[in-house]
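One structure is given below, encoded as structure tokens.
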Amino acid sequence: MYMENGSVKFKYISYSVLEVFEENVYGNINVLNKEVIDIGANVGDSSIYFALKGARKVVGVEPLPNVYARAIENVKLNHLEGKIFLINAAIGSKRGKLKVPCNMSTLMSNGFSTLKSNGDCEVPIVTLTEVMKQITEPYLLKMDCEGCEFDVILNDYEHVRMFEKLLMEHHAKFTGIEYTKLIDKLSKDFHCELTSLAPWVSKEEQGLLWCDKIK
């Protein structure tokens, strides 16, 4: 499936492409000349979005092997190989390994959660610390990983707090943990605002957190 929207092109799309480029879910966030880590890169849509917004470097992490491969193709299609660097891995507070589907439907892949994963392909679980070795000035941490954000924030906060901005979709409905647990942790260093993703989705169960470092 091919999609073209202005100056951006996608050979492969998922629903997240529409969220980012049609619904403008990330607004007009300023990442000009900044470094971004993109957890839950999917088919590369958010990484491409940040690169087109002027980010100096984007490091994207995507656990599904076939989706990761399609993200690489989308990045190449937009000639952004010099700005976007992709890792085929899951993210967690501790290193390990994870079984995932080898060929998940691209259109449905944005709803994949590593919390209930099984499959025939094995990928590494890497920590935020390891991913951060690829950047020098952590500015924006974007997370849309269907629940892994709770593990990373609650158990590896010392590295989360090194960023200036956080942009993450929380999935309390998947984890059974109230989103306020994230707010309580983040409030030590960030001012956060919770916004709704859609009128039919309770933002308390699944919402978008925008967090700015308290100066």
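Backbone N, Cα and C atoms are what each Cβ position is placed from, and that goes for glycine too.
No curator has checked TrEMBL annotations; they are predicted automatically.
Copied over from TrEMBL:
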| type | residues | note |
| --- | --- | --- |
| DOMAIN | 38-158 | domain 'Methyltransferase FkbM' |
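Secondary structure by DSSP for the domain 'Methyltransferase FkbM' (38-158): 45 helix, 32 strand, 44 coil. Summed and averaged per residue, pLDDT over the domain 'Methyltransferase FkbM' (38-158) gives 94.
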